[in-house]
Amino acid sequence: VPINERQLAVIEAFRHAWRGYKDFAWGHDELKPLSKSYSEWFGLGLTLIDALDTMWILGLKEEFEEARKWVANDLVFDKNVDVNLFESTIRILGGLLSTYHLSGDSLFLEKAKDIGNRLMPAFKTPSKIPYSDVNIGRGTAHPPRWTSDSTVAEVTSIQLEFRELSRLTGDEKFQKAVDEVMKHVHTLSGKNDGLVPMFINTNSGQFTHLGVYTLGARADSYYEYLLKQWIQGGKKENELLEDYMRAIEGVKKHLLQRSAPKKLTFVGELAHGHFSAKMDHLVCFLPGTLALGAHNGLAADHMKLAEALIETCYQMYAQVETGLSPEIVHFNLHAQKGHKDVEIKPADRHNLLRPETVESLFYMYRFTGDKKYQDWGWEILQNFNKYTRVPTGGYTSINNVQNPSNPEPRDKMESFFLGETLKYMFLLFSDDIDLINLDKYVFNTEAHPLPIWVPA
């Protein structure tokens, strides 16, 4: 299937972003495109690793070869540095594994094994619920400085990667460690109709901060990985499916409401029995996940809900002055003169170039063939180009989506802009269902495709 004009526009955007990274941040974690410099998080070339499989999928052979050379010669994990278990699993381990599968190049598998082994000390806790942070050089791990809790999403969204590492290496310790976490969470009390609290204690293994339920930050990818592990493993692990189905029922029962005036279906939050009409942009992963479940034979009403929610996620862009979504919105439940459905608080009006809406648009287009999803994605790409593109190379997060004349650039390009946002754009604009066939691959939460063990 030939590449079309919209896909060419994505390739152009990627090259522009990559040029900034190459010129000013090569081998470093993140580009600061305005100050033409970089910032370090783990000091492991995060943007470069996150972008490897995107370059492969976009057909950028030269850029890929240059990056491969850096991985071969300069990527060293034997460093006295603390990394976040979740972020390094989804970005680095996930990126290396998917690049290995797409390219067949064993270099990436060797590097994946190395980082995988170095992350294992995180699981040495009294409860087997992993610590949030690992020193990959010293082989030590610890919770964050201020608490002995880990985030529920973080400990339940590393499974796809570790399970795949066991399958490829024949060493079952990786899978055992992460499966144990899921089995434990499966049995825990403190859930509300399948909805989980946001924190879990690494000593006791119990949920903490009970009574707050969200599909946004700190809980989001727990739900995504229930479904995706079930798909990855060939639809055999029924506990995962049960937990997923129960959770979606919990969402319907406790978190779904409709806004005014447009009656948009949205997912709010529940705090100690009180409903809040607050929705993180992160929640926009959900329509895509629901659609993926329906495609895999789950309830047809999941697809109906997916269609309603993706409309809402699109409106989180369309009702804003720059056409870019803020990080968090609040929905109006009662019609008021002169008010839209979407309200934005000053603290929430930043945009970090996040992928979730585009990700869901990709799934919706793949499964329905409805071109409006491509058109919505095209609008979003044009607005990224208009308000976040830095002339000398790269794209930047912005502080104010409500001010088109000065969106207040933040001088930071997150690695997921190349790893996820532009990759999902490219796939959304493609009419080739075999370009990462969703019956053969499952995407991790950083958009790195991993093989389904028993393809559908």
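Numbering starts at 1 and runs along the chain as displayed.
Any Cβ shown, glycine's included, is placed from N, Cα and C.
Database features, via TrEMBL:
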ACT_SITE  E87  active site, proton donor
ACT_SITE  D220  active site
ACT_SITE  E327  active site, proton donor
ACT_SITE  E356  active site
BINDING   T445  Ca(2+) binding site
DISULFID  C284-C313  disulfide bond
Practice task
Calculate the distance in Å between the alpha carbons (Cα) of C313 (disulfide bond) and E87 (active site, proton donor), and round it to a whole number.
Solution key: 25
Handout entry: C284 (disulfide bond) as reference: those recorded positions from E87, E327, E356, T445 with C-alpha within 10 Å of it
Key = E356
Practice task
Round to a whole number and give the Cα-to-Cα distance in Å for the pair E327 (active site, proton donor) and the residue listed as 'Ca(2+) binding site'.
Solution key: 18
Practice task
Rank the active-site residues D220, E327 by the number of other Cβ atoms within 10 Å of each Cβ, and give the residue at the low end.
Solution key: E327
Problem - Spatially closest candidate among D220, E356, T445, the listed recorded positions, to E87 (active site, proton donor) (Cα to Cα) - result: T445
Practice task
Give me the non-local Cβ neighbours of T445 (Ca(2+) binding site): same chain, 6+ apart in sequence, Cβ-Cβ under 8 Å, ordered along the sequence.
Solution key: I90, S157, S221, E224, Y225, F285
Completion exercise
Around the Cβ of C284 (disulfide bond), other Cβ atoms within 10 Å, all chains included, total 29
Fill in the blank from the handout: One should report the C-alpha separation between E356 (active site) and D220 (active site), rounded to whole angstrom, as 11
Handout entry: Neighbour-count leader, CB within 10 A, recorded positions: E87, C313, E356
Key = C313
